[in-house]
């Protein structure tokens, strides 16, 4: 699956706004993930998962930074996220379905923060992009 030129433009345009609010977007995305998919909490037994905790904010920032790495390497997401894929597959052993759950939560968060920008076309482009990211993160599981 590859992105069209229009989809890339949409992703890059919205990313310029997301990147200025990375900590807020990341924290809210994780809070949404743990609320909607509480089984994901099992991967964070050492974290304070209360709303707005320092650990949640820090990890949320890391998540959005990883998405940013993928955006910056939009034509080669595989190389940008290879080490992260290895970490999640071999060390953390995260169930791959959680990447889809996280992607969905990020889409909802983006829609709530950027309602004017998150058009149907933007939703479709970001959904496709995050599917690519999720696919890359699960490559090492095969």
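Just so it is clear, glycine is given a Cβ too, placed from its N, Cα and C backbone atoms.
Summarising the annotation, Swiss-Prot assigns heme b binding site to 59, 88. Cβ contacts within 10 Å of residue 59 (heme b binding site), excluding its own Cβ and spanning all protein chains shown: 17.
Residues or ranges marked as domain 'Globin' in Swiss-Prot: 2-142. Each residue in the domain 'Globin' (2-142) gets a DSSP state, and the totals come to 111 helix, 0 strand, 30 coil.
Take the CB of residue 2 (N-acetylserine) and look out to 10 A: across all protein chains shown you find 8 other CB atoms. Annotation source Swiss-Prot lists N-acetylserine at 2, citing similarity to another entry.
Per Swiss-Prot, the feature phosphothreonine maps to 29; the stated evidence is similarity to another entry. Applying an 8 A CB threshold to same-chain residues 6+ apart, the list for residue 29 (phosphothreonine) reads 60, 63, 64, 102, 105, 106, 109.
Residues annotated as phosphoserine in Swiss-Prot: 53 (among others). With a cut-off of 8 Å between CB atoms and residues at least 6 apart in sequence, the same chain places 47 near residue 53 (phosphoserine), listed in sequence order.
Non-local neighbourhood of residue 73 (phosphoserine): 79, 80, each in the same chain, at least six residues away, with C-beta under 8 Å from its C-beta. Among the features that Swiss-Prot reports, phosphoserine is placed at 73 (among others), with the record citing similarity to another entry.
The phosphoserine annotation in Swiss-Prot covers 82 (among others). Counted within 10 Å of its Cβ, the other Cβ atoms near residue 82 (phosphoserine) come to 15, all protein chains included.
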Distance from residue 88 (heme b binding site) back to residue 82 (phosphoserine), taken between C-alpha atoms, in Å: 10
Long-range Cβ environment of residue 88 (heme b binding site), under 8 Å and at least 6 residues apart: 94, 137, 140
